[in-house]
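First the structure, in the form of structure tokens, and then the observations on it.
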């Protein structure tokens with residue numbers, strides 16, 4: 001398996017409850033290194049651009065409002081098979097379907113407030129990383 005990078009967001013429901021450290025520990029326990037991280041307050045406009053792929057979906061406006069409702073932590077994670085590993089550690093989108101021990105099983109409040117976002121493919125990871133980080137901010 002190749003060394004790769006993926007993008008992650010610790011969402012407002014998790015930052016409100018001060019879960020950043022616990023979530024980061026899950027990533028690190030899975031062998032993922034945090035090579036860039038910053039806490040930001042995303043604007044609704046930033047969320048709208050970031051989640052543009054969902055613009056036609058009924059939950060889009062609510063998602064953008066939620067993502068702008070409190071600070072988030074944007075991150076770049078690195079490791080062997082980082083994209084798949086991160087998705088495994090996060091668990092299913094619906095916390096009711098998430099495997100025990102995953103981030104969403106332990107911390108998510110609902111399908112909408114599910115604590116974390118993670119890239120689903122190398123192409124989206126590259127786009128999402130570039131949206132929030134410059135190359136100089138990625139320290140491997």
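Each Cβ is built from the backbone N, Cα and C atoms, and glycine gets one as well.
These come from Swiss-Prot:
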type: BINDING; residues: 11, 59, 87, 93, 104, 114; note: ATP binding site
type: ACT_SITE; residues: 117; note: active site, pros-phosphohistidine intermediate
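Annotated features taken from Swiss-Prot, shown on the structure.
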| residue | record | contacts (Cβ under 8 Å, 6+ apart) |
| --- | --- | --- |
| 11 | ATP binding site | 66, 67, 72, 113, 114, 115, 116, 117 |
| 59 | ATP binding site | 112 |
| 87 | ATP binding site | 118, 120 |
| 93 | ATP binding site | 104, 111, 114 |
Residue 104 (ATP binding site): secondary structure state under DSSP, collapsed to three categories: helix
Where residue 87 (ATP binding site) falls in three-state DSSP terms: helix
Largest separation between Cα atoms (Å) of residues that the record links to ATP, namely 11, 59, 87, 93, 104, 114: 21
